[in-house]
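Quick look at what Swiss-Prot lists:
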ACT_SITE  Asp13  active site, proton acceptor
ACT_SITE  His41  active site, proton donor
BINDING   12-18, 40-42, Arg307, 333-335, 415-417  GTP binding site
BINDING   Asp13, Glu14, Gly15, Lys16, Asn38, Ala39, Gly40, His41, Thr131, Arg145, Gln226, Thr241, Arg305  IMP binding site
BINDING   Asp13, Gly40  Mg(2+) binding site
BINDING   Ala301, Thr302, Thr303, Gly304, Arg305, Lys306, Arg307  substrate binding site
Amino acid sequence: MSNVVVMGAQWGDEGKGKIVDLLTRKCDVIVRFQGGNNAGHTVLVGDKQYILHLIPSGILHPGKKCLIGNGVVLDPAVFCREVETLRDKDVDVSPARLMISRKAHVIMPYHKALDVARECHKTNESKIGTTGRGIGPCYEDKMSRIGIRAADLAMPELLRAKIEAALLEKNALLAGLYGGETMTVDAVFDEVMAVAPRVVPHLADVTAEIEAAWAAGQHVMFEGAQGTHLDIDHGTYPFVTSSNTVSGNASAGSGIAPTRLDRIVAIVKAYTTRVGAGPFPTEQLNEAGDYLQQKGHEFGATTGRKRRCGWLDAVVLREAVRLNGPTDIALTKLDVLSGLKELKICTAYEYQGGTITVAPQEQNGMAHVTPVYETMPGWDDDITGCTTWESLPAPTRAYIARIEELTGVRVSLVSVGPERDQTINRGW
């Protein structure tokens, strides 16, 4: 397997965890390149379920090296909890296989406090549905060049000085603007230093580790979080995350040249879901939406929030293709559609008196489109036991073929269930 980027093509929750876990078998190093613990990957291995928020799911494969890149924002306490949980399940999480870029920025207690305070002070119409994990405020400090990086955890004097400088501003915001409680330098410093000794042994030069892997002839996978349409620049702004989720950030977020990337896999759920606020043209607030939500067990791995559900949106997918340039599609949760008499695919939008096939770029423009649907026959068959393309029902194959026609990208992997082996490989 060549060097590959795996990214979500919708609004996150596409099933990246399973596909990453599957493809990990053919690679040696897995790199997480953006986001923080505001995303969750769920992987089912035998009778054990693993939910990972920071650590790449490749850690579940013995002998694979997992790297957290400079584009990630790291909550050290969450990292330590995940390490402990995995260790309790006999997973090797030693620093030799799990490394963190020294350049990764650290989520501080005041970031989380600000995240929650801001959301609480917004009107219902302006709330973006933040997870309250401090992701956005941490990225803000990074861009303002006042952030704390992972390397600082090994330098207590520098860390304390940075905390002291940061709290001059953060306390003014927390107390003066939001009416909240202030934080002391000692309390923040002590909270971070309580976990720092467990994080510091994992610090490394991630770029050098990747280069060393390539020099040894090894294959590297770059694992994205969230989805294309939550991208800070290209998503449904302002209802987006705080990082670039598109494939191009695999390079910047891990410190490698884009010319080293060979394949890009877009993970596409067979229908569409979204968590939290924001436009969702194909959302179904009816029996079809309830069916997808209940059969698909659509609850967020990170927040536990019920996901909004709707029909597949090919306009959204074409935009994802344009932004990411995928070489392959991995189609997930196809089995959830079994039992529906008919399926709908949105192929265009009605917008401002005309028909468009590209998403509008005006702020909240997606909230004012009307989907144009194409209807296809569904199927009653249970496809969870299908292992080949030929064993799938004819309507299922037609649905997949239509996705390929609408996106111009081959569906190379088809997931028909949550288990690792419930995947049809069409020439990956």
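The backbone N, Cα and C atoms fix where each Cβ goes, glycine too.
Structure coloured by features recorded in Swiss-Prot.
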{"residue": "Gly12", "record": "GTP binding site", "DSSP class": "coil"}
{"residue": "Lys18", "record": "GTP binding site", "DSSP class": "helix"}
{"residue": "Asn38", "record": "IMP binding site", "DSSP class": "coil"}
{"residue": "Gly304", "record": "substrate binding site", "DSSP class": "coil"}
{"residue": "Leu334", "record": "GTP binding site", "DSSP class": "helix"}
{"residue": "Val416", "record": "GTP binding site", "DSSP class": "coil"}
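Cα-Cα distances to Gly15 (GTP binding site) place none of the binding-site residues Asn38, Thr131, Gly304, Arg305, Lys306, Arg307 within 10 Å. Taking CA atoms as the reference points, Gly12 (GTP binding site) and Gln226 (IMP binding site) are 4 Å apart. The Cβ of Lys306 (substrate binding site) lies under 8 Å from the Cβ of Gln293, Glu298, Phe299, Gly300, each of these being in the same chain and 6 or more residues away along the sequence. Within 10 Å of the C-beta of Gln226 (IMP binding site) there are 28 other C-beta atoms, taking all protein chains into account. Other Cβ atoms within 10 Å of the Cβ of Val416 (GTP binding site), summed over all protein chains shown, number 25. Inclusion criterion for the recorded positions Asn38, His41, Thr131, Arg307: a C-alpha placed within 10 angstroms of the C-alpha of Lys18 (GTP binding site); this criterion is met by His41. Summarising the environment of Asp13 (active site, proton acceptor), the number of other Cβ atoms within 10 Å of its Cβ, over all protein chains shown, is 29. Cβ crowding, taken as the number of other Cβ atoms within 10 Å, peaks at Gly12 among the binding-site residues Gly12, Gly15, Gly40, Gly304. Secondary structure from DSSP puts Thr131 (IMP binding site) in coil.
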